[in-house]
Amino acid sequence: MEVTGTVIGYRDIKFNKFLPISHHNLKEFGLEISLKKSYLQENTGTESANQEFEYTKNFDSLLDRFKEGQSIYCYVEKYENKFLRVDITPRMRGVVYFLHLSKNCHDLYSPEKHFKPGQAHKALVMKIDKQHKKLDLSLDGTVSNDLKEGAVQNGWITHKYPTELGVQLAGGNHGNVFITDINDKYSDDPIKMFRINQFVRCCILDCKDEKHVTLSLRQSRINHNIVSVPDKEIRNLCDLSVGDIVKGYVKDYSEVGVFVSLSKELKGRIQLKNLSSYYVNKSAEAFYCGKLVTAKVLSIDVDNSKIELSIHPEHTGLPDQLEKRYRGSLKCVGDSERRKYVEQRKKQKRKRQDSEESDSGIDGVLKDADSDSEVEIITSKMSNTSKVARLELAGFSWDDKTFTANLTQSAKEMSGDSDSEDDDTNEEPLKKKTKKERQQEEKEEEKFLYRTELSLMDQDRAPENVDDFDRLVLSSPDSSMIWIRYMAFYLHTTDIDKARAVAERALKTISFREEQEKLNVWVAYLNLENLYGTNETLVKLFERALQMCDPLKVFRSMINIYTKTQKLEEAEQLYSTMVRRFNFHKDVWASYGMFLMKSGKLDAARKIMQRSFKSLDKSDHVEIIVKFAQFEFKFGEPERGRTMFENVLSNYPKRTDIWSIYIDMVIKQGHIDAIRQLFERVIHLNLSPKRMKFFFKRYLEFEKKYGEESTVENVKQKAMHYVESKVSISESS
């Protein structure tokens, strides 16, 4: 294909066809050709829209043709080191910082896939860098890195706090996103939805200085087309009125109430009486920092900027926001209702006591008495009817007094027999209690219940049985210490299976927020399997712990378990796996080296130090060498450690931290002359006065402890000479 072009310049081009040894400075002459119509026009006086990109060797004149905020086209060259390098003209280059590549944050995770060489993009000029002869561009519409209110920029999350997110912006600026500015719709624990190094699109709300930048992740701030939001922003007291139902996040708990953040600047107080309709157990845990609550505005003090809130169901009209596990046993009611409740309880107690008394044998005695009276009535009636005409038999008369006497006597004997039977069944029949006696018993019963409740509420009371432990874990379900004591209780009874069951129950019960508490239970569980289980069960449990907790912490805990139980071979195998998996952690290499040094494997430890240099960053090499030098002083060869310190200090003579560690190691060896030589070397270094003061002070303390009066005076004189020399230098300048 033939094309027609215009020569617009030339340059020297390097070709790698030959070796540099045989052909020095091999260059060829190359022409630069343009196919633009503006250059192909015969009339050279005609101006073109793109003539501003005309080839020239004078970069200053070329840079002067661009203005900040100008829209230009560029072509991707390559992406490296967080910068996208682009070509604007054959001689003009530009760079795009990776935070300015796109408005879509998903494109920032893999710029190489979305910005391929040769692609054309429309960019804005942010800055003209004449020193480096380049342009700073943006592809996301950002005009400059200046912090202006309302500006929307890209950033990535660097820190996570209970109520804030730390975000780094372009240009080295940092800002914070408060928990109320994360989303237009509030949710429980919104911080957990984000992760470190996640890219976000944020809006600048306030900028006092570069260190205090307030940001917002609300879509209503980023996208101005959104009009209505579920949870509106509250910036000042003018946005509130008495009776409003608002949402906020718990900031702090104190004796005067719970403080709720409605925004970064505004917070309200909820008095303890307005928290719930129940008595609150463990208020600090129930209303933890970051908990979402819905409250009603009771009052606003504009002069003192104070807001009174309430989350009581009577005020909000919503269900009680207190979790059931933190609710007390009695419901908080009014005084009149409380009196009715107490009186009703007393009536129920009296009825129960009366029913018990009726079943105690008193009715039996009364029935016997009634039967006696009936016999007497019958005998009296029989005596009265003796005058009435009736049938008479020979040898028998109804009026016979002996018969009636015998009848009454037999009735009395029958009543006496029944009394004796009652005496046998209940030798001391219960008497009906008086009102004072019943009241006294009620008081004693209440005292007994009060003492029992106090003993149950006493946290220092040691649990003695399974019920006590169950009660403790119900009151503090997230306390790993209680669960571990529960496991130990079953271990003392040699019931290993129940101890395992308690551990599994603890892992299911403890909240996912309590990572350290869960880790403590995992460590105790691993200890249990190490002592009483098999190697297979221990390995399976270890693999489960790696999936549920921080792997590095689990590895370290498992190594400590092996070390304490003298399973050194298993610990060494685990260390070898650990350094392969976490080869970028310098502490892992250092702990492995110390383990080998303690085990007497000096050569293996030195090889580990050499291996670490291949995996760690160069900035960490010095710290690793210093660590292994300390290990040589403690567990290996002190002379070798001295040599390692000397090699490091020869390259970094002003590292006062290394000098201090070196002096400490030599002091522990007890070589007085060697210590004095080190101090003499340090005080003759060209260091800042503050650091020199530190070493002179240490030198003086050393001489006071191990030296004589003459050596102490010598150190003082050297310090005076140093001060005088500094004063003379300052006066001369």
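Glycine is treated like the rest: Cβ placed from N, Cα and C.
The model shown is predicted, which means the values in this text are computed figures rather than measured ones.
Positions annotated as compositional bias 'Acidic residues' by TrEMBL: 416-427.
Look at TrEMBL and you will find 437-446 tagged as compositional bias 'Basic and acidic residues'. With DSSP states grouped into helix (H, G, I), strand (E, B) and coil, the compositional bias 'Basic and acidic residues' (437-446) comes out at 10 helix, 0 strand, 0 coil.
Per TrEMBL, the feature domain 'S1 motif' maps to 69-140 (among others). Per-residue confidence over the domain 'S1 motif' (69-140) averages 86 (mean pLDDT, predicted model).
Across the range of the domain 'S1 motif' (150-218), the DSSP-based residue counts are 10 helix, 36 strand, 23 coil. Here TrEMBL flags 150-218 (among others) as domain 'S1 motif'.
According to TrEMBL, the feature domain 'S1 motif' maps to 243-312 (among others).
The region 'Disordered' annotation in TrEMBL covers 341-367 (among others).
Per TrEMBL, region 'Disordered' is recorded for 410-446 (among others).
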Task: Provide the three-state DSSP residue tally for the domain 'S1 motif' (243-312): helix first, then strand, then coil.
output: 7 helix, 37 strand, 26 coil
Statement: For the domain 'S1 motif' (69-140), the DSSP helix/strand/coil residue counts are 11 helix, 35 strand, 26 coil
